[in-house]
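Peer 1: This structure is in structure tokens; I'll ask about it shortly.
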Amino acid sequence: MFPFQPMYPMQPMPYRNPFAAPRRPWFPRTDPFLAMQVQELTRSMANLTFKQRRDAPPEGPPAKKPKREAPQKQKGGGQGKKKKNQGKKKAKTGPPNPKAQSGNKKKPNKKPGKRQRMVMKLESDKTFPIMLEGKINGYACVVGGKLFRPMHVEGKIDNDVLAALKTKKASKYDLEYADVPQNMRADTFKYTHEKPQGYYSWHHGAVQYENGRFTVPKGVGAKGDSGRPILDNQGRVVAIVLGGVNEGSRTALSVVMWNEKGVTVKYTPENCEQWSLVTTMCLLANVTFPCAEPPICYDRKPAETLAMLSVNVDNPGYDELLEAAVKCPGRKRRSTEELFKEYKLTRPYMARCIRCAVGSCHSPIAIEAVKSDGHDGYVRLQTSSQYGLDSSGNLKGRTMRYDMHGTIEEIPLHQVSLHTSRPCHIVDGHGYFLLARCPAGDSITMEFKKGSVTHSCSVPYEVKFNPVGRELYTHPPEHGAEQACQVYAHDAQNRGAYVEMHLPGSEVDSSLISLSGSSVTVTPPVGTSALVKCKCGGTKISETINKAKQFSQCTKKEQCRAYRLQNDKWVYNSDKLPKAAGATLKGKLHVPFLLADGKCTVPLAPEPMITFGFRSVSLKLHPKNPTYLTTRQLADEPHYTHELISEPAVRNFTVTEKGWEFVWGNHPPKRFWAQETAPGNPHGLPHEVITHYYHRYPMSTILGLSICAAIVTVSVAASTWLFCKSRVSCLTPYRLTPNARMPLCLAVLCCARTARAETTWESLDHLWNNNQQMFWIQLLIPLAALIVVTRLLKCVCCVVPFLVVAGAAGAGAYEHATTMPSQAGISYNTIVNRAGYAPLPISITPTKIKLIPTVNLEYVTCHYKTGMDSPAIKCCGSQECTPTNRPDEQCKVFTGVYPFMWGGAYCFCDTENTQVSKAYVMKSDDCLADHAEAYKAHTASVQAFLNITVGEHSIVTTVYVNGETPVNFNGVKLTAGPLSTAWTPFDRKIVQYAGEIYNYDFPEYGAGQPGAFGDIQSRTVSSSDLYANTNLVLQRPKAGAIHVPYTQAPSGFEQWKKDKAPSLKFTAPFGCEIYTNPIRAENCAVGSIPLAFDIPDALFTRVSETPTLSAAECTLNECVYSSDFGGIATVKYSASKSGKCAVHVPSGTATLKEAAVELTEQGSATIHFSTANIHPEFRLQICTSYVTCKGDCHPPKDHIVTHPQYHAQTFTAAVSKTAWTWLTSLLGGSAVIIIIGLVLATIVAMYVLTNQKHN
């Protein structure tokens, strides 16, 4: 038949039914949304396939059996093949006996997956069930020679040897443990602390491990699985399951595991339930029974089943009871098991619609509520009609059924239209809820046409697209980045939210009343009852009937009212429906299409064009959508900015050496650091020096230049004044004496003519001929003054730059203490000098530093939902409010609301018609997915992930920075901490929302205010201790229709989401990175970490075994200061022998990149270093020898870099020698002028005084 042999044997053809099934009706498809429908269908099918395994397909014809097996299958001996097959078919389809029926209820075992097979094989002799009353209540497993069993699991281990062991209790970990006998230790599990992120195996398949949490798909694992092990691919136990909690589409597991030190740790998510198989009991007529096994079910006794559900509505096992009541025992499960079918307990209803085609009306498709809180553009509606059920209450997809004056009718869902400003696309419906995707609009309208009548209902609601992320886009992009968001689930999974139901009240149905002759006849529907009230003349009739009855006293239909009564169906507890008389039986059903965590594609704005300047960055922005730009400084004061950019713009920012960060839209953060660079040349001419230091230190440079200018000005002015004063004092006596002869020296000093010498040359000639000593003194005085001033200035003004020593360079024999900066990625190198031993190098690099605060959850807040009871209406009588016990519940009695025979109640009285209105507050249906958590933060613990190298031994370890907890590796004992700075970015009160942390001073529990954060508060998402304060006020209803009007403050949670500032992720100081699960800050560049080493002797090397240098010379080949290892030093040496030597700089002038170098007997070694000094001069230690390295460094060329500098940033660049030379020269010239003036003044004064005494 085939030209080749198939690789695998062909499967038998499936069984074909000879009777063709009726063809399904064809419905036209909606072309514009075809791609969307295919995508949603694929997603739904994937969910169903992943979360449950479908039933096996119908069996095909039996495969061809070997001849030796044929006699065993033939019971009649001489029957042929056809007869044999007919016998099989008959045996399969015939009426089974009770034993066979009980056996058929059991599904055939499905073939487990690869992971399950592996775990089952390993569990067979290492895991033992714990039995309680004949049922498996949990499991115990043997790991590492010890028996572990959960402490909350009661019962006896199904092994005589293990059951006889005496166990010890560890209540902190919810475990009991004991040592197993020696003969059983060979067949035990091995455990491991290695847990890389990925998938692991347990009894039910795959377990995902991510961010320190184990999760499984929802529905996988349940009560009775406590104690089961989770294994890796090598069959080692990584955790033991204790319980779980549903979180949307996933279930988080509570587990016990081991850390790197082999210490047991326990992780328990919030609201976790223990998975011991404890039977939940329910109540019926004062008789208890297991909730999963009710004595009645809905298909057999509907009214009694609803009453049973109402009694147990607050029972923890209500979901089990509801599921069992809907699926009667003995019924075969179908592939739609995951889709709850509980809405067959309800029926549609007619309610008042505020806006129909013309005014208000009593509509079969009244819209009760509209929600659009997701980020995917979908809308969830709650209506009075129902979806997924036909008129008989059976499951039927893509169908809507509605109530038309007591008659339930159905219509295909594609004939129902929904639109806002434009038509919507209806995705699916379930129960009272409809999921659709709608364009933006201020109202939403639903309508359908039946025959020639069009039914419609509109409600005001602003439908808009809610973008996620930091760009305000209006339509999902085709390409972009994936970001966590909240989307409406497209399935009817049980996610823990409920909608309240109750038995419907009496509803007027005029179609039940007819006129037969001159009498009124009331005919109730088959199987239902009707309440008849008539007022005929002076006769009042009030009677309940279940079959047609004629009332001869009444001759007009208007004299009677017929109310339909139904106690076998629930309806939604709507304020548009009247409440049933007496005690109303309430229930609750699950809400489909809830918000769930998902991934959304968000747009990426065009990358900004970045221009770097001197300590500045310029961003040229071109957003396509309004985009947020957030910046912060990575210093102690973040000085953050947060701006929404809608148009092309240019923004300029200052960048410092401590760093600067900006976040543009949905792009990841980018960080920049400034380098110590500037124009000019610190080793050049004066104007180049001034330009360089003006850009680096503008204020200091201006101040220094101002001081120098003032000194020069004062010097010139003082010298001039002194010279003039001396000249006047010297010449005045001679000017007052007639014919006085002025001495030659005085004439020269005072620039005055003598009687004998007319010119300067004549004066010098006179001194040369008459007094040569004075001649040489006159010439040497200025030169001597210049020499003296120059020497004085050299001693006074030559300032040595101040450098701070970073830390100790050596240590004692066994112990070494040092301090390293608390900054991730920056290496710290040092050596340990010990007498008689070679220096031991130590290198430490922190890869990550975590700061984890101790937090206490105060409460959870979210959107609130206003619950309204159907109003209790009493005609011809009064009512009172019953005591209130629900959150923010309001109750009020209104009298005279409904007039005689008109309005919603159709009362027969004109007065004393009362209505009791009740409203209260509850958590929204989507509170589980969309909520904020208010925490109080306390003392924080610090963890440092260090890469440590001691000598030639390296290790990556985690250290608790508390000064107490040591870490041991290769015999080295390391103790870190405590931090030099007790600092945390978290305030005392913090709020966690959508994976981000906010410092927010929230109100205390029980002190919330309307319209503000905390207006509703609950201790946990699932707890029932709800506090609410929403300013709920009931208003008087109008007579036209039954309703409960009210006013209420807007949601404080929603207002807080609109007004909240940027989270700590964008505003934390010191460049902290903020994360959740657990709440923590990482890589905060603040403070320093003290380290204490205790090093064993084995790691030291004798000095005789290491080389020694006989000659060494260091030259700086290249040096760029304030740059990442921008210096290169070459050391030429002669060594005693080849070997490896530690290198170190004892001072803090330079930071070396290398911790050790390889030496030969003669050669050179190249060493890279970083320095912040313009003229570095440091001693370099190589083994036990020292060599001095010095030279000049130039500023870096790049103004801005994308990584922090790996040198000690506490050192600032010193003033260059060239600058000191120019400054000394400037100040020296000014001082010479002053000293010359002082010398002249002194000589003149001495001469004048001597001359006066002589005279």
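Any Cβ shown, glycine's included, is placed from N, Cα and C.
So Swiss-Prot lists these for the protein:
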REGION    1-33  region 'Necessary for nucleocapsid assembly and virus assembly'
MOTIF     41-48  motif 'Supraphysiological nuclear export signal'
MOTIF     64-68  motif 'Nuclear localization signal'
REGION    168-173  region 'Interaction with spike glycoprotein E2'
REGION    260-264  region 'Interaction with spike glycoprotein E2'
TOPO_DOM  276-701  topological domain 'Extracellular'
DISULFID  C282-C291  disulfide bond
DISULFID  C353-C457  disulfide bond
DISULFID  C356-C361  disulfide bond
DISULFID  C424-C438  disulfide bond
DISULFID  C485-C600  disulfide bond
DISULFID  C534-C560  disulfide bond
DISULFID  C536-C554  disulfide bond
TRANSMEM  702-722  transmembrane segment
DISULFID  C730-C751  disulfide bond
REGION    730-750  region 'Transient transmembrane before p62-6K protein processing'
TOPO_DOM  758-769  topological domain 'Extracellular'
TRANSMEM  770-790  transmembrane segment
TRANSMEM  792-812  transmembrane segment
TOPO_DOM  813-1225  topological domain 'Extracellular'
DISULFID  C862-C927  disulfide bond
DISULFID  C876-C909  disulfide bond
DISULFID  C881-C891  disulfide bond
DISULFID  C1119-C1193  disulfide bond
TRANSMEM  1226-1246  transmembrane segment
Peer 1: Sort out for me which one of C485, C909, C927 has the most neighbouring CB atoms within 10 A, since those are the disulfide-bonded residues we care about.
Peer 2: C927
Peer 1: For C291, C353, listed as disulfide-bonded residues, tell me which one has the smallest number of other Cβ atoms within 10 Å.
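Peer 2: Checked C291, C353; of these disulfide-bonded residues, fewest Cβ neighbours within 10 Å: C291.
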Peer 1: What's the CA to CA span in angstrom from C536 (disulfide bond) over to C560 (disulfide bond)?
Peer 2: 8
Peer 1: Could you say which of the disulfide-bonded residues C862, C881 has its Cβ with the most other Cβ atoms inside 10 Å?
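Peer 2: Its Cβ has the most other Cβ atoms within 10 Å: C862.
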Peer 1: Whole-number Å distance between the CA of C291 (disulfide bond) and the CA of C600 (disulfide bond)?
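Peer 2: That comes out at 40 Å between the alpha carbons.
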Peer 1: Should C730 (disulfide bond) be counted as helix, strand, or coil on the basis of DSSP?
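Peer 2: SS state of C730 (disulfide bond) = helix.
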Peer 1: Given the disulfide-bonded residues C361, C554, C730, C927, C1119, state which is nearest to C909 (disulfide bond) when distance is taken between Cα atoms.
Peer 2: C554
Peer 1: Can you tell me which of the disulfide-bonded residues C361, C862, C876, C927 is spatially closest to C560 (disulfide bond)? Compare CA atoms only.
Peer 2: C876
Peer 1: At the level of the C-alpha atoms, what whole-angstrom distance separates C891 (disulfide bond) and C554 (disulfide bond)?
Peer 2: 39
Peer 1: Report the nearest neighbour of C862 (disulfide bond) in space among the disulfide-bonded residues C438, C485, C1119, comparing Cα positions.
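Peer 2: The answer is C485.
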Peer 1: Taking only the disulfide-bonded residues C424, C485, C554, C881, C1193, which one has a CA atom nearest to the CA atom of C730 (disulfide bond)?
Peer 2: C1193
Peer 1: Determine, from DSSP, whether C424 (disulfide bond) sits in helix, strand or coil.
Peer 2: coil
Peer 1: Give me the CA-CA distance between C927 (disulfide bond) and C424 (disulfide bond), in Å, as a whole number.
Peer 2: 26
Peer 1: Looking only at the topological domain 'Extracellular' (276-701), what is the mean pLDDT?
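Peer 2: A mean pLDDT of 88 is what the model gives the topological domain 'Extracellular' (276-701).
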Peer 1: Under a three-state reading of DSSP, tell me whether C534 (disulfide bond) is helix, strand or coil.
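Peer 2: Where C534 (disulfide bond) sits, the three-state DSSP reduction gives strand.
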Peer 1: By the DSSP assignment reduced to helix, strand and coil, which category contains C927 (disulfide bond)?
Peer 2: coil
Peer 1: Since the record lists C361, C554 as disulfide-bonded residues, which of them has the fewest other Cβ atoms within 10 Å of its Cβ?
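Peer 2: Sparsest of the disulfide-bonded residues C361, C554 by Cβ contacts within 10 Å: C361.
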